[in-house]
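Visitor: What follows is a single structure, and I will ask about it in a moment.
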Amino acid sequence: MAELTESKGAPVPEVLNLLKGGDLTKCGRRGRPGKRAIILSADKSRLNWTTNSFFKGTNATSVDLTSVSRVTKGQSTIPFVRQEKNKAVTDKTELSFSIIYEDYRGDETSLDLICGSEEEFDIWFNEVNDIVKYHSMRKDSGDRVLRFAKRQWSMADRDGDGSLDLKEITTMIGKLNINLDNSYIKKMFAEIDVDKSGSLDYMEFQALLERLSKREDVYATWASLVNGDIFKPNFSVASATATKPNSSFREAEVPAETFHRFLTEVQKMNITLDETKMKMAASKTAEDDIDGKMRFANFKDYLASGGNSAFSIEKTSSVYQDMNQPISHYWCASSHNTYCESDQLKGYSSVNRYINDLTKGCRCVELDCWDGPKGDPIIFHGHTLTGQIKFKDVIQAVKDHGFVTSQYPIILSFENHCSIKQQQKMASYCKSILGKLLYVPDLRADGSLPSPEDCKGKVLVKAKRLPKDPKIDEGEEEIDEDFVEQQSAQEGEKAKTKEAAEASDGPLKEEKKKKKKKKIAPELSNITFLAGTHFKDWEKSKNEADSNEMSSFSEPKTEKLIAKSSAEWADYNKRQMSRIYPAGFRIDSSNYNPVPSWCVGSQIVALNYQTSCFEMHLNDGKYLDNGSAGYVLKPEALRIQGNNFNPMNGPYPASEAVKFKVEIMSASQLPKPGGSAKGEVIDPYVKVELHGVPCDTKSYKTKVVDNNGFNPLFNETFSFDAKMKSLGLLYVAVYDSDQFDSDDFIAYATIPVNCLQPGIRNINLRSYNGNTAGEFQFCSVMVNITLSEGTF
């Protein structure tokens, strides 16, 4: 069982130089680099500096250190890329570092700094890392309620006088997404301001938040635990809430035996009574009597804690799956055109894109390789105006950042357009930079692929390779469909629609088919393990191809093959790997639905990670499974050869069937659209969807709750009947209803059905961009998940 409340964490690092501050050169997203006085706030929670604007005058700006994801050396981010022709900046690469963080909207951005000397760089880089690690540990293990209170206090107490007057409290409540009359706020303020000082200190402020945070469903759940109703068959939180239990339950206590029964019968946890008692003792504060009793405050904190997540902690915090099967038996988190920061025609490219994706657990990244100046290969989207980055810089980033989140193998997918000489340079860079990390394993004795465990901590190359028999003529090139489709899109009125792209690609496709295959350097071929080959048909692949020969399929071709031969494709994917990539008309870097490709067992379903969208929401949730290893074991039906399993139409194994209900109880601390502090109080509703094999797909939505984004109550139950649970993803999204315009997206969560935890659980939500900082670190939905048949 996860901790009921979290540990206190490590001591605060001294970081004396950050507290003293210093003048560093800041590389902004606009304008020229300039000196800024950077200083750490007294409470060590923010890095502050001032900016001068002709229109706005002097502005105080800061970075919330709880929202920092990483600190990187060098000049890999977009603000630095924009200065690539500024020698005064590029000559100081060794003195530069970037603080990557999420802003209040949940968007990833960066603070990019240049130090004046090596000594200054060492001091600042190390101290920033120390304080960021400290806040990261606190965020992971700290009291969520306390963190929320401290954040709201620091944001409201702008003048820093250690108290909040009525005006400051009224402003704060407006930002909290609660619609309260000023007269009610004034009355509540007067009741809490017991010393009649006209302002609230921090303890009084906490009492105010406690009153604002009242949740009827949580109290009704507690009352049902006290009176035993929660153990009755067909218990529902909605019914318990409707009875409006009286306030006497607030002072009640339950013994360890009752709480243990709750954990085992309602939460379906495998825990002993002694373990329950230890967890209860750990949850007590210094002011509590350690008497073996559970009180409402402790119970409420437990329900809202990260340890009570609907997403199994055991399955997100550790690699629990068998990692010794052939690598073809796993789905692999994969990105497409990894270098692109935005669109595929004229957007920036950056090394930071690789760092970002790899540190989020992505295990397959794409490198479009072209001849660069001075014999040095580059990466960009050929024949477009996208930015260009150096091949060697990407390989260095893979070495430095590739195994931060996951130790399982990285696949470098090369799209090779280079001359022989620059291919040789590519191979040389891979060998010299990666060293022993670069790996070309042997196939197993039975001809199958090695496992993720066999290749742990290694980098594999996927690329075209020289034929095994040197006598075989390379012949005519089977077109690179990805390249052709994108070229067609650009020539077809910039491919504003799919029809425009398809209408324009005929002549170009025929022309490309006649081209000779590009020669492949033996040096590059020798370091390639996954050999890219043109797909001909299922039988030839089964009878003639080695298991490490794999093919790539465009989105349109994938749709046709799934409709025509999903069983054959599923069988192919048991022995060999397949890569799926977006259609060429997606020059805006939009994404396709990855679920059908996952259903047929395709391992490398490459998405545009730089684009936030529903498809990436599903991808992010899927790969949180198995400890964010980036590899998720496919179900047995997609691994056993010759079972003729058809994932699109069934029949499905009886062991995969599960019936369950999701009761959406309430939500808590929902931000306004985009995490903004401004705007009207939202009118939220919740969408609950199941995505998987076609017969399992289902969608519901709750009623709209008017004018309450802080603690809206829903109490609605939805039923799901999944035939193939291992392919199912539960998607929960909150929207703000708008009568006159399209509804605004607020936040979401995606949980694989296999990772659901039954019982009364908390679902932490993410911003549209998949981030959890700023206002999104506190928002959640409370649910009651009950199993009717089967198991998760």
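Every residue gets a Cβ built from N, Cα and C, even glycine.
Feature annotation from TrEMBL assigns domain 'PH' to 17-133. Annotated domain 'EF-hand' per TrEMBL: 144-179, 180-215, in sequence order. As annotated by TrEMBL, region 'Disordered' applies to 471-519. The compositional bias 'Acidic residues' annotation in TrEMBL covers 474-484. For 491-511, the entry in TrEMBL reads compositional bias 'Basic and acidic residues'. If you look up TrEMBL, you'll see 527-639 marked as domain 'PI-PLC Y-box'. Summarising the annotation, TrEMBL assigns domain 'C2' to 641-767.
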Visitor: Using a Cβ-Cβ cut-off of under 8 Å, list the residues of the same chain that are 6+ residues beyond the ends of the domain 'EF-hand' (180-215) and lie near it.
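Guide: Contacts of the domain 'EF-hand' (180-215) (Cβ under 8 Å, skipping residues fewer than 6 from its ends): 148-149, 152-153, 162-166, 169-170, 173, 300, 666, 668, 710-711, 713, 782.
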Visitor: Counting Cβ pairs closer than 8 Å, which of 144-179, 527-639, 641-767 has the most of them with the domain 'PH' (17-133)?
Guide: 641-767
Visitor: So what's near the domain 'EF-hand' (144-179) in sequence-distant terms, Cβ-Cβ under 8 Å and 6+ beyond its ends?
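Guide: The answer is 43, 45-46, 66, 138, 185-186, 189, 197-202, 205-206, 208-209, 212, 301, 304-306, 669-672, 677, 681-682, 707-711, 777-778.
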Visitor: What is the three-state DSSP composition of the domain 'PI-PLC Y-box' (527-639), stated as helix, strand and coil residue counts?
Guide: 49 helix, 19 strand, 45 coil
Visitor: Per-residue pLDDT averaged over the domain 'EF-hand' (144-179) comes to what?
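Guide: Averaging the confidence scores along the domain 'EF-hand' (144-179) gives 83.
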Visitor: How does the domain 'C2' (641-767) divide up by DSSP, counting helix, then strand, then coil residues?
Guide: 15 helix, 59 strand, 53 coil
Visitor: When secondary structure is assigned with DSSP, how many helix, strand and coil residues does the domain 'PH' (17-133) contain?
Guide: 34 helix, 48 strand, 35 coil
